[in-house]
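Visitor: If you look up TrEMBL, you'll see A:1-23 marked as region 'Disordered'. TrEMBL lists A:10-23 with the feature compositional bias 'Low complexity'. Look at TrEMBL and you will find A:32-59, A:79-104, A:116-140, A:168-188, A:209-238, A:270-289 tagged as transmembrane segment. Marked as domain 'ABC transmembrane type-1' by TrEMBL: A:82-286.
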Amino acid sequence: MTALLESSVGPAAPAGPTPGTAAGRRGRGWTVFLLLLPAALLVVAMFSYPLLVAAWRSFAYPELGTQNYAWFFDGATNIGVLLRTVWVAFLTTVICLAFAYPYAYLMVISGRRLKTLLLVLVMVPFWTSLMIRTFAWIILLQDNGLVNEGLGLFGIGPLPLMRNTTGVLIGMVQVLLPFMVLPLYNAMAGVDMRLMQAATSLGARPSTAFLKVFVPLAMPGVLSGSLLVFIQALGFYITPALLGSPTEMLVSQYIYAQVNGQLQWGRGSVLGVVLLVTVLVLLAAAAALGRAGRRRQGATAKREAA
Amino acid sequence: MLESSTITKTGTRIDIRNVSKHYAGSTAVEDIDLTIEPGEFLTLLGPSGSGKTTTLNLIAGFTDLSAGHIEIDGERVDNIPSHRRGLGVVFQHYALFPHMSVEDNIAFPLKQRKVAKAEQKRRVAEVLETVGLGGYENRQPAELSGGQQQRVAFARAMVFEPRALLMDEPLGALDKNLREKLQLEIKRIHQDVGRTFVFVTHDQEEALVLSDRIAIFNNGRIEQVGASHELYERPRTLFVATFMGESTVLRGEPEWHGTEWTLGFHGAALRGTAEPFSGPAALVLRPEDIHLSSREDDIPAGHQYCPVTITQSIYLGSGRKFELALADGSTGIVRGPLARGAGLEAGDRAFASWRPERGSLLPDTGSRSTT
């Protein structure tokens, strides 16, 4: 995914020539192979093999054929679950971005001590179990929970904050926020802030300097953070299971229901494969969009030159 | 910008009045008072940390001042943000926008000023010609060499006809040959456009090549402002004397009789006239003003002198350079035509002599910079 991302949105890295003689290159080829071996074995054993098994089962359980796919595309419920999952993941991404962008910007412009504090605040959730955090949200969000009691003091509510999509979004945004903040911060920290000074010296208002110079240069961080959050959100299980509602199931819950509840391994596998294909299609679309954007820019420059 | 109709020899006047800038617990500049005349090329020269860049940032509006005020063409700019001051700035680090082509970079200030598209194109092409990069519109900054990037930055800072051009060590990141080439180009462009240029550098040679006047900074203050020959021939402080060019410094406690002083220097009785001051003094001599004689009888008439030991005699083709050990152990330097001091070798004892009016007696502030 990272490679895809970089090829689509990353700054054009100069493709440096490979130094060294042919013999040296061959020697290094072996070293590279040996260095890659452990990771490659791990990936094959832990990811590729199960994936192939799941893909196989989607055609082979309970008997050979495409009946599982027929089942999936037959039911409006199934398509609905898939669309809801993509929609919730999209909303999670947008909300994360809305919170993370100003936060990461503050990290970039603040001094060392505040920056460290902000970074620690982002990292703290990583050190707490996902389960504990989700249960904490239940305590906070339930009808007689802390949040609704607080709102009650102002005569509001109780609002339905969990057992619905709202609860799922609150939980997922909280869990996934670091995955948006960190790539954003990384990209923003790489932006030369003196360029903003240059822009204002050339007559740009500070807001224009921000929009025309900072935002485009920080865009790779927006894209990588968004992809990280979106893809993880598509496959989230614990948070939707605990904070969501069985009537508004997401794909991961649905898989669990098929496999654990009904022993429908084939249908569970189909759902997994469909989710994977959805991710791949969306990634390809994002990459194509990035490329088209760059081509359009290049074309405009050429047209204007002509 | 280069049509004769828009060439103004008048340019913009910048007044810096008693300006100070303090940061928490430290002072960047203290009581800077400087007038930059319309159309002049003024260089802010000084070692790093002397406050020259801070002063430029104060003029550009990148930094708020702590005291005093700045006027551009008689208008106080304290509350005018940098994007409305109409000054062009060239940075040492080029500061080109990496996500824009050369053309978009240079058109950026024109876009901010809502210049029509066709006019933008025309002016970008024109200014690229001026900096010798005609036809480079569609290049990306990353494809250009350092010198080319700085030319683009220069074009971008000039294209909107700024009231004045501020340059912060623009050639600092370039190699020596390129630097010298660009110095001459900057000087040519200054003469062509007739605008006020303010240039920051720590390189005194660069300052000499470019400037109409030089302001010498040290420890956040201006030590002296003047044309280069004034600074070289009539330095007002020991710092200026030692920072601008090579010098030989004779230190001692002078006695004053009005404006006349006498100074005993290890047996030599030196005298001259100067504005009186109290405390220890340093007599500053330029290398080309010192004569060397092997015998006391050969000392030219009217010269005053002191005994020295030659430590180095260096043949330079067009002339000769000597390094001396003075009686107090400090080093001196002499440059002159080959005939001067001919026959003197390292280890020889000799007499250094000079016409009294060529020496500058200055308060000894303890600066021992050797250049």
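Including glycine, each Cβ sits where the backbone N, Cα and C put it.
Whatever TrEMBL says is automated annotation, not expert-curated.
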Visitor: Under 8 angstroms for C-beta pairs, at least 3 of them, ignoring pairs fewer than 6 apart in sequence. Is the transmembrane segment (A:168-188) in contact with the transmembrane segment (A:32-59) by that rule?
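Guide: Stretch pair does not touch.
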Visitor: Are there at least 3 C-beta pairs under 8 angstroms linking the transmembrane segment (A:32-59) and the transmembrane segment (A:209-238), leaving out pairs fewer than 6 apart in sequence?
Guide: no
Visitor: Counting only CB pairs under 8 A, let me know which of A:32-59, A:116-140, A:270-289 has the most with the transmembrane segment (A:79-104).
Guide: A:270-289
